[in-house]
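Student: After the structure tokens below, expect a handful of questions from me.
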Amino acid sequence: MAPNTDDTYKNQNGYYMYINDKTGGQTQGLVAGLQSSAFKSSNSDCKISFAYYTTGTSLGSLYLYVVENNALTPLWRFIPFRGLDDQWHSVTVGIGRRTTDFNMLFKKSIAHYNGITALDDISFTDCRMRPPVTQCNTVTHFWCSNKVCIPKKKQCDNVDDCGDGSDEGSLTCNGYTRFNFEQGTGNLVQGQNGVDDDFDWSLYAGKTPSSFTGPQWDHTYGNSSGHYLYMEASKQKFNSKAWILTNPFYRTNGRNCVMRMYYFMYGVYINQLSVYSRMYSSGPPTHTLFTRGILAGDSHPLNYSSDFQIIVEAKVGDSFLGDIAIDDISFTPGCQASSGSLPPPPTGSSGITVRPPVSPGQSNCNANTQFTCVSDRSCISKNQVCDFRKNCADGSDEANCVPTFCGFTNGSLCNWRINASQSGRPDQTYKWKVDTASSASPGDFRPTEDQEGQRAGWYVWADSSPGAFLDSTELYSPIIGQTGPQCKLVLYYWMQGHARHSMEIYLQVNNRTEHLWAGEDDHGNEWQHLEVFLGPRQNFNLVIQARRGRSFTGDLSVDSINFINCQPPSLYPRAAQPTTSSAVECDQTYKGRCNFEHGLCPQWQNDPSAKIPWLLSSARTTTAGTGPLGDHTTRTSSGTYLYIESSSPQKPGDTARLNSATIKGTSRDCTLRFYYHMFGANIGTLNIKKRYSFVTENLEPLFSWSVNRGDFWYRFEQNLTTSNQGDFEVVIEGIVGNGYFGDIAIDDVSLTPGCQFAVNQIPGVPTPAPIIPGACGSSQLTCGNGNCYSPSQKCNFQDDCGDNSDETNCGTSCKFESGLCGWHNSLNDNLDWKVLSGPTPSQNTGPQNDHTFGTSAGQSN
């Protein structure tokens, strides 16, 4: 058995290598090996790329080894413990510096083999050692003893880049501080458990104890005998951290002090690796230099006006599959060891932090809490950096931030940063890229014009031709310091093709991920408008993630990213405070306000005469594809809001009403404010009305919506002052639409002070029916046989009624003889299940009879 196509040309004319099993699967004691010719040596950046194809029921593991002096060091392994998707996958594996003859070996062994294993497109990148030269600029480069010329940034980094080791000699590296962990950790210090961190880094050689995470070799020697430091994620809680710290360095004052480090992060549940500097002997870090996945660079210059130390921190993820390793840390001679100790965190008698002394000409801003403006060296709060407002006279506080608008003009990423899965070769990596619309060809699955209709316009897109199923690529914004209460993200996206590809927008804050929006598969052959509510937040990243589908027919494009109303409120001196409209002032402090975090409030109650009630909920509603991900008040999945449930047993046209307390008809400047969410393909209607009496059903309509407005919280306000002087109630009415995907939600309801509550109620207010002995009352539901059960017993897989009516339309069991029993088709796929009896329309496939009765009259799905 062999693949139908190769990886190079993706057709039947191409060639590949595969395991040709002639034993009938009886492979006990046999090995399938594919070995390269011998190589003399390799550069430190050497990599091997290849494509593999594997499918079947009994495959065993596929290994890639480097063979040196008859010793095998595993560099990569594939163990098919997950579902296989029957396609080629591309991989790039680091080989690194090799100083002796070596071979590469693919190897597979298993007692009983049944399947397909193939390799294609094997290539080596950056493996050739640099040749000797006759001239070398020794200002920027180091001239090796063998006349090889290398950049100075590669000198004394624990890697033999010259080929003769002269760039790593003791005399050459005098003044450098280096740690390769072959003789322990040197003068590095573990963090104090319970004070600085939670547990310690471990010194190790070879493969870490947990499979599918951590390295199998060190970086210095590239074999299982070399040592490295790693964080063992097993038996630790999520976000537990390990610190290792340097001894203090002298303040640099402009000297070229640079840190270099190699790190290894492999595992399904990798969390975070960070490098910090600290100016004091205890307490939290002062500056963040590097955080994997947020801020990156080739090296990390350290320029400080006071003594400092470096902290390397690793955090544990959700599982033991999250080991993080580091090796070959080095500091250039500009980083000079201090003979003294760092001072304790300074505080004055009042407890206010005292700023450390600074050199003449330097800013006196507090590095912990303030930002130094470039032109005049003035100080502003760090909270004012990247807040969509230029607080420095020269705008330097916004220079490296995400701008209010980005159209990717002339290929600019506008300070967004691209991250991509690292499983493929450089030319076979699924990733976002900036491109012109004019480069798209007819038949491509991306637009031939940008969002503004310009053929010469730009946008960012993820090409699905390279990569593999479920590969992902991310657009990371810089840290956004602060946003205002009405801030929203608006963009246009193009999601075409039926490849099961998807796009998601989420934010990262305080080591927590909050999902904001997600879309999947084909959204049409046009630009789609999207609004995502952000609200007031601090110190977070936005992430736009594309995930590849099953084929090349699912490209994703994004354009015209816009942040609207995102400036936080200005801080005015008391004497110069601006006038604020009462319509937006204190909309969560006036009487009549309710955020539903503690249930319904006294001024707002469900109408006892309505068909259905408004329900309290948090996180997503019970039906996927409708309702909000979280509330509006806290913008988290733990916050609470009200919604109407549109799925069974509700029926189209069922109405829920939320009534206010009675308001005097003589009220002036009386305004209702609230936020609403209407998302789903079967959205019904949201009405705002005034009721003057329960004796008649003539409610005065004020406003109405009947449209899917997307996964977004919208603000609404309505002046309630009219010519009618009669006392009234405000009614917020939700009507169920024609389907399950019609949940309507409201949150943060409030009334302005002009709304004066009346002493008496309006005429005819109904009172709840008294609880009659034997009846179920208002807190329980009625069974078909007259018994009672609690709402928590609905759809709990138990017959609490005695006639099973509490499990009706729950889908707990279904023979499909009378419909779908509460099951329903999802809108997030391409096809629908159908109820059928007898044979299916297609010949030679499908059943002839159902399973329940075994006849053509029975129904199946």
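Every residue gets a Cβ built from N, Cα and C, even glycine.
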Student: Check for me: which candidate out of Cys127, Cys136, Cys144 does TrEMBL give as the disulfide partner of Cys162?
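Tutor: Here TrEMBL pairs Cys162 with Cys144 via a disulfide bond.
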Student: Can you tell which of Cys386, Cys392, Cys414 TrEMBL lists as bonded to Cys401 through a disulfide?
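Tutor: Among Cys386, Cys392, Cys414, the cysteine that TrEMBL links to Cys401 by a disulfide bond is Cys386.
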Student: Just confirming the record: what cysteine out of Cys795, Cys801, Cys821 does TrEMBL connect to Cys810 via a disulfide?
Tutor: Cys795
Student: Quick test of reading the record: TrEMBL lists a disulfide for Cys783. Which of Cys755, Cys801, Cys814 is on the other end?
Tutor: Cys801
Student: Who sits close to Cys795 (disulfide bond): which same-chain residues at least 6 apart have their Cβ under 8 Å from its Cβ?
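Tutor: Looking at Cβ-Cβ distances below 8 Å from Cys795 (disulfide bond), excluding near sequence neighbours, one finds Asp806, Glu807, Cys810, Gly811, Thr812.
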Student: Please report the Cα separation of Cys401 (disulfide bond) and Cys162 (disulfide bond) in Å, rounded to an integer.
Tutor: 39
Student: Could you check which of the disulfide-bonded residues (Cys144, Cys386, Cys788) sits closest to Cys801 (disulfide bond), going Cα to Cα?
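Tutor: Ranked by Cα distance from Cys801 (disulfide bond), first place goes to Cys788.
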Student: Applying a 10 Å Cβ distance cut-off over all chains shown, what neighbour count does Cys783 (disulfide bond) have?
Tutor: 20
Student: Cα-Cα, whole number of Å: Cys162 (disulfide bond) versus Cys788 (disulfide bond)?
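Tutor: Spelling it out, the Cα of Cys162 (disulfide bond) and the Cα of Cys788 (disulfide bond) are 83 Å apart.
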Student: If you count Cβ atoms within 10 Å of each one, which of the disulfide-bonded residues Cys144, Cys788, Cys801 comes out on top?
Tutor: Cys144
Student: Of Cys162, Cys401, the disulfide-bonded residues given in the record, which has the fewest other CB atoms within 10 A of its CB?
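Tutor: Minimum Cβ neighbour count within 10 Å, taken over the disulfide-bonded residues Cys162, Cys401, occurs at Cys401.
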